[in-house]
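Visitor: I'd like to ask some things about the structure below.
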Amino acid sequence: MAIPGYSYEFNHTHLLSIEDLSRLDIDHILDLAEEFAEATRAGKRPEAHLKNMTVINLFFENSTRTMSSFEIAAKRLGADVIAMPVAQSSVKKGETLIDTAMTLNAMAPDAIVIRHSASGGVKLLSRKVDCAVINAGDGTHQHPTQGLLDTLTIRRAKGRIEGLKVTICGDILHSRVARSTTMALHLLGAEVTLCGPATLMPSGADSWGAARALNDFDAAIKDADVVMMLRLQLERMNGAYLPSQREYFRNFGLTADRLKLAAPDATVMHPGPMNRGIEIESAIADGERSVITEQVEMGVAVREAVLKLLSGRRA
Amino acid sequence: MAIPGYSYEFNHTHLLSIEDLSRLDIDHILDLAEEFAEATRAGKRPEAHLKNMTVINLFFENSTRTMSSFEIAAKRLGADVIAMPVAQSSVKKGETLIDTAMTLNAMAPDAIVIRHSASGGVKLLSRKVDCAVINAGDGTHQHPTQGLLDTLTIRRAKGRIEGLKVTICGDILHSRVARSTTMALHLLGAEVTLCGPATLMPSGADSWGAARALNDFDAAIKDADVVMMLRLQLERMNGAYLPSQREYFRNFGLTADRLKLAAPDATVMHPGPMNRGIEIESAIADGERSVITEQVEMGVAVREAVLKLLSGRRA
Amino acid sequence: MAIPGYSYEFNHTHLLSIEDLSRLDIDHILDLAEEFAEATRAGKRPEAHLKNMTVINLFFENSTRTMSSFEIAAKRLGADVIAMPVAQSSVKKGETLIDTAMTLNAMAPDAIVIRHSASGGVKLLSRKVDCAVINAGDGTHQHPTQGLLDTLTIRRAKGRIEGLKVTICGDILHSRVARSTTMALHLLGAEVTLCGPATLMPSGADSWGAARALNDFDAAIKDADVVMMLRLQLERMNGAYLPSQREYFRNFGLTADRLKLAAPDATVMHPGPMNRGIEIESAIADGERSVITEQVEMGVAVREAVLKLLSGRRA
């Protein structure tokens with residue numbers, strides 16, 4: 001989608017939020033990611049763009065899935081990867097986030113991939129280091145590579161993003177996935193409907209670029225080209241948010257019957273890990289419209305693309 | 001042991017159980033493993049057969065020892081290794097084993113090494129992936145690389161397997177090691193005697209190929225060429241299985257006196273980690289007949305062999 | 001500092017204690033480390049001196065910081081690194097330290113980096129293996145790479161060690177850092193003053209080579225060229241050792257006012273992780289005299305040097 005006569009250059013130091021990206025940036029990342037994905041499918045290793053580089057995976061929250069995806073992506077590009085699940089680290093010893101950042105920076109990595117429980121924690125850290133910082137999820141704020149991999153998966157399934165109707169359903173309030181994916185899809189021209197129980201909807205979701213926010217899943221799913229279900233944190237179940245899993249599934253679970261309300265060729269997505277029988281009926285998760293495992297595949301590819309674009313810029 | 005005019009080919013996708021292997025398969029794996037072992041002793045690195053390949057170590061049960069052995073083996077062959085001790089993973093978040101398998105598969109690894117607490121869990125998982133799966137222990141069912149490394153260690157100590165008398169003593173009931181090793185040794189022509197307290201003996205051990213199952217260690221060890229002691233899970237001690245550590249040692253511990261009942265040159269083995277003074281007298285564990293550390297050494301070599309034979313077959 | 005006509009050779013199998021090193025050894029390590037540090041600053045990878053070698057990081061105590069420093073150092077030199085945080089390992093299963101050592105040795109690593117809670121535990125282990133052993137901290141005994149990195153950081157800041165006045169303040173009693181750094185600095189000709197509350201001072205610190213041991217920080221810091229603050233283990237706070245954090249900070253915290261008592265260009269150090277506001281005022285930690293992050297940087301460089309010097313000597 002490069003404009004003739006317009007010379008595009010990816011010009012970012014970090015990847016902190018979808019908000020920082022232009023439409024051209026996203027197209028560029030997705031195009032590159034798709035090349036990586038096709039290479040992997042063909043059994044080919046990409047060039048070792050990150051040879052002799054060091055990537056630190058700094059995860060303040062457990063996520064085997066996301067951490068492994070980044071680790072595989074970085075190693076495929078030839079990087080050394082230092083895994084730091086910091087549940088049991090200096091952080092417990094009372095060290096501040098800033099001190100952790102400055103300590104790691106002094107070890108001269110080329111990129112740091114960070115997941116942190118505080119919204120804005122990753123941005124704070126990025127200001128203290130000389131290398132690329134990639135946000136792998138900060139609080140309820142952003143998870144930009146998830147937004148990018150969702151967008152790529154949809155683009156591959158539908159051939160475009162522009163003009164698509166996408167419905168995202170679940171715990172929108174606590175979801176950095178919903179926020180990042182909505183922003184990316186909106187920027188590329190999709191019409192996003194957010195849906196969930198009133199207690200789990202944020203107040204300002206229109207600022208993410210969502211067209212609508214509904215509490216009625218039947219209305220929200222109508223004619224959708226893409227239906228993305230969010231993971232329900234089971235700890236929300238026993239509190240003030242929700243009455244019961246059974247009632248949640250009845251109102252907000254994706255079933256075969258409900259899917260009939262969507263467009264006939266609607267694509268089904270879920271960022272994982274799934275609670276089968278709570279957010280989504282098992283048969284639908286495994287059905288032919290599901291691209292849930294392709295999301296995982298595109299996750300590695302998108303991370304390869306982002307790592308390639310951001311590494312090698314150490315100040 | 002190749003039969004003249006018979007063209008042998010190793011033709012397996014996974015390594016799930018010793019039961020799946022033929023005698024020729026085992027000879028082939030052991031021959032290759034021995035080459036790797038000799039190369040390491042000579043300070044040489046093997047060819048990077050797994051260069052540009054990714055091996056995932058997916059351990060649902062903690063085992064620093066086995067996990068490290070596979071990690072060292074895979075890295076020696078040039079693979080990237082992703083360690084996944086999953087005590088703290090998505091599994092805790094309620095994801096099913098099948099979903100974990102499909103997620104990992106979507107990341108396109110070349111081999112997955114799995115340890116799981118459920119007998120049959122590894123086989124179930126292998127059906128959902130396109131890459132080689134290696135069983136690193138599933139419940140009380142199988143631990144095939146342990147069976148292979150024990151067999152190789154014995155072959156090196158004795159020069160053969162055929163016709164040897166091998167006594168395995170301890171908690172046979174819960175031991176995937178006993179099962180795998182017995183099957184491998186039986187297939188290669190050894191006569192295996194199983195021995196343990198009545199409460200810790202399985203009912204159908206003759207189906208593993210064992211010649212005898214006894215409760216009297218003095219009778220079981222008589223004239224044995226090889227005596228293999230099993231680790232006693234200490235948590236069995238406080239339950240209905242056993243009266244006390246002291247009584248266990250008196251009846252089923254390997255002492256210098258008891259070893260005199262075996263063949264004069266009997267070889268002593270233990271899969272580790274040892275409870276010194278419970279299963280085995282310390283002086284015997286460290287004595288000249290012990291090949292316990294050589295078992296560890298052959299463990300890495302056997303895993304190199306298996307990884308080489310199975311990798312590069314991704315569907 | 002090589003003596004003309006004197007042919008120096010680094011001739012150690014392990015790095016267990018600063019006590020084992022000569023002045024020439026330390027100079028040699030620091031010179032090499034400085035080359036590595038400058039290469040990293042220039043964005044260059046060093047030669048892959050550890051290519052095809054395996055380094056095991058065996059940490060019986062958690063330390064993300066030190067473990068990562070060794071991991072980055074070893075990988076920068078091309079080694080395969082096996083991380084073994086053993087909180088959850090065979091050790092828990094009752095295996096002895098010696099058995100762990102013999103098991104790892106049988107896997108044929110080229111170096112083992114060990115942290116252990118028992119003083120002398122690393123030395124014990126080193127006797128049972130055929131490869132290089134590097135002490136990454138044993139009990140309250142030694143942490144030699146810390147002593148070396150502190151010495152290198154000072155040498156870079158001051159251009160020399162000989163004749164410098166260095167004050168180390170805090171929990172001297174429990175500090176392997178204080179011991180190792182004091183020994184290294186003394187050997188190279190510095191005058192070291194140790195300072196801390198009476199309850200946290202060892203009885204025989206003069207045997208480390210310290211010139212003085214004081215309980216009055218104002219007296220101890222007077223005219224110091226270097227002030228090194230030690231981390232206060234917060235668990236000491238609630239016990240018999242110390243009345244309160246507030247009183248500790250008043251008596252032994254490094255403040256701007258107190259720093260005026262030191263030499264005008266005094267250098268400020270801390271091994272990390274810091275308790276800001278307890279051992280050290282935040283503004284001083286981040287101030288222009290602080291070389292705290294450079295200590296981290298030199299930590300990686302010193303570990304590269306030590307790994308290069310010790311590896312490749314497997315018996």
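Cβ atoms here come from the backbone N, Cα and C positions, even for glycine.
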Visitor: TrEMBL records A:R65, A:T66, A:H143, A:Q146, A:G272, A:P273 as carbamoyl phosphate-binding residues. Which of A:R41, A:R115, A:R246 is assigned to the same site?
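Guide: According to TrEMBL, the candidate sharing the carbamoyl phosphate site with A:R65, A:T66, A:H143, A:Q146, A:G272, A:P273 is A:R115.
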Visitor: Write out how many residues of the domain 'Aspartate/ornithine carbamoyltransferase Asp/Orn-binding' (A:162-309) are helix, how many strand and how many coil, based on DSSP.
Guide: 61 helix, 24 strand, 63 coil
Visitor: Using only C-alpha positions, which one of A:R65, A:T66, A:H143, A:Q146, A:P273 is spatially nearest A:R176 (L-aspartate binding site)? These are the binding-site residues in the record.
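Guide: Considering only the listed binding-site residues, the nearest one is A:H143.
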Visitor: Suppose we draw a 10 Å sphere around the Cβ of A:P273 (carbamoyl phosphate binding site). How many other Cβ atoms does it contain, all chains included?
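Guide: By my count, 21.
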Visitor: With a CB cutoff of 8 A to chain C, go through the binding-site residues A:T66, A:R115, A:G272, A:P273 and name the hits, or write none.
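Guide: From A:T66, A:R115, A:G272, A:P273, none lies near chain C.
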Visitor: What whole-number Å value do you get for the CA-CA distance of A:R115 (carbamoyl phosphate binding site) and A:R231 (L-aspartate binding site)?
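Guide: Rounded to the nearest whole number, the Cα-Cα distance is 18 Å.
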Visitor: Quick one: average pLDDT across the domain 'Aspartate/ornithine carbamoyltransferase Asp/Orn-binding' (A:162-309), no decimals.
Guide: 94
Visitor: In the same chain, outside A:R65, A:T66, A:R115, A:H143, A:Q146, A:G272, A:P273, whose C-beta lies within 8 angstroms of the Cβ mean position for the carbamoyl phosphate site?
Guide: A:S63, A:S69, A:A136, A:G137, A:V177, A:P271, A:G299
Visitor: Counting Cβ atoms within 10 Å across all protein chains shown, which of the binding-site residues A:R65, A:H143, A:R176 comes out on top?
Guide: A:H143
Visitor: Just name the binding-site residues among A:R65, A:R115, A:Q146, A:R176, A:G272, A:P273 whose Cβ comes within less than 8 Å of a chain B Cβ; none is a fine answer.
Guide: A:R65, A:G272, A:P273
Visitor: How would DSSP class A:H143 (carbamoyl phosphate binding site) in three states?
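Guide: It is coil.
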Visitor: Inside 10 Å of the Cβ of A:T66 (carbamoyl phosphate binding site), count up the other Cβ atoms and send me the figure.
Guide: 24
